Amino acid sequence: MTTIKLHNTRTRGKEVLDPLNPDDVRLYLCGPTVYDRAHLGNARPVVVFDVLYRLLRHVYGTDHVTYARNFTDVDDKINATALARKEAGAPGSLEELVQERTEETISWYLADMAELGALEPDHMPRATAYIPQMIAMIEDLIAKGHAYADGAGHVLFSVKSYKDYGALSGRSVDDMIAGARVEVADNKRDPMDFVLWKPSTDELPGWDSPWGRGRPGWHIECSAMSHELFGDSFDIHGGGNDLMFPHHENEIAQSCCAHPEGDFARIWLHNEMLQVEGKKMSKSLGNFFTVRDLLDQGYPGEVIRLVFLQTHYRKPMDWTDKKAKEAEATLRKWRALTAGIEPAPIAAAAVIEALSDDLNTAGALAELHKLSSAETAADLLASARILGLLTDELGAWTQDEDHDLSHYENKLFEARHLAMETKNFAEVDRLKSTLLDAGVEVRMSKTGVELVPGPAFDASKLDAI
Ligand SMILES: [Zn+2]
């Protein structure tokens, strides 16, 4: 059987994956807080984990891998967006508006991730469906001396009660206090202590608990849901490296204190962050993209996926327009080569080998380039599909390719001919601007007109002509 090695943040080295149960390899990825569209950086762990999921299914069998990714559907940011809607005059109670916001965001998220070729996980637990399990875990932590209620509706985790706190990120508690914006509050016995439960107002979502009507803190949900789905120990836990502290440290503290007989997650996988054209993505720099923004700008999901996979997950990845253009050219070539061809029965060994070495996607892509010829097209197809590329689901963007624009070329040529006589170029300008708006490059010379569809070409916009 193929040996898979993964870099384990916990031990700071590559380790052989030795599943607790090879008949059921279990992985958990921290999912989105559903208050808005996923931005490009949010999509990176999803694509990384999708490749891991596909590789594990390839090695252990499709029915022997269980992948869970949660939805955080109770959160202050969700409440804030619902409140803004209510203040803008939206009908319904605040709780209904919260519900509406989470439902719409979840449907956007699933549609956007599907466009990037990400398979849906086997479990997509929503935090609000696991409140009793969270309350039970908090009660257990209090009983074991790891948490305390402040008598005013809050329950806090006592960080000093867990001696290994900080081991994942390799920082001492003192360093973490110095580096993080630790909220000092009167109800905390120690500044590092974090919230497990907090009170809710009557209008906001809330649940009855031994500490009054309230809602859970963020960290407890992943501990409670992964335990409900996977038990005391499972194989792989992941997320962006921005989640390592405090979120993952807190998850470990909660889970290991509540279930000291288990390991919680054995391998921790963290992906590096994403930049855009060499800069940190931020709203103030104007380079902040949601996945949907890029799809709407005409970048096919498969192109976005290929750009992501060109960089190893543990390295910062830079999204650039140049990379997207190159990825598009590569995919056009591969799709043309494999059109109408049946995939080979198995993927190329070199591709599996590269992926098994800590998800070396760049190495796997280099192998695909070597297979990029007519003689090996069937191998190219089978191997690319392990990376979630050249799948039928993602192929629509190259299908309606042969756009015959000669009708529009003639129309523009005649309009220009007429304008030369009348000296009225209004119609020519109108045609040109409609074509440009549809993503068509207009090349005009004395002898004729040539129209070239660009990457953002949208044939439906030509209807205006
Ligand atoms: Zn989590």
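Glycine is no exception: its Cβ is also placed from the backbone N, Cα and C atoms.
TrEMBL labels come from automatic prediction, so no person has curated them.
The Cβ neighbour count for CYS30 (Zn(2+) binding site), using a 10 Å radius over every protein chain in view, is 21. The annotation Zn(2+) binding site is assigned in TrEMBL to CYS30, CYS222, HIS247, GLU251.
DSSP assigns LYS283 (ATP binding site) to coil in the three-state reduction, outside any helix or strand. Other Cβ atoms within 10 Å of the Cβ of LYS283 (ATP binding site) number 8 in total over all chains. Residues or ranges marked as ATP binding site in TrEMBL: LYS283.
Look at TrEMBL and you will find 350-398 tagged as domain 'Cysteinyl-tRNA synthetase class Ia DALR'. Here the domain 'Cysteinyl-tRNA synthetase class Ia DALR' (350-398) returns a mean pLDDT of 96 for the predicted model.
Taken from TrEMBL, the feature motif ''HIGH' region' applies to 32-42. For the motif ''HIGH' region' (32-42), residue counts in helix, strand and coil come to 3 helix, 2 strand, 6 coil, using DSSP.
Residues 39-41, 273-274 of the same chain sit 6 or more residues outside the motif ''KMSKS' region' (280-284) yet have a Cβ under 8 Å from a Cβ within it. Per TrEMBL, motif ''KMSKS' region' is recorded for 280-284.
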Cβ-based neighbourhood (8 Å from the centroid) of the Zn(2+) site, residues CYS30, CYS222, HIS247, GLU251 excluded: TRP218, HIS219, GLU221, SER223, HIS237, GLY239, LEU243, HIS248, ASN250
GLU251 (Zn(2+) binding site), number of other Cβ atoms within 10 Å: 27
Cβ neighbour count (within 10 Å, all chains shown) around CYS222 (Zn(2+) binding site): 29
Distance [Cα-Cα, Å, rounded] between GLU251 (Zn(2+) binding site) and LYS283 (ATP binding site): 30
Length of the line joining the Cα atoms of HIS247 (Zn(2+) binding site) and LYS283 (ATP binding site), in Å: 24
Residues in the domain 'Cysteinyl-tRNA synthetase class Ia DALR' (350-398) grouped by DSSP into helix, strand and remaining coil: 33 helix, 1 strand, 15 coil
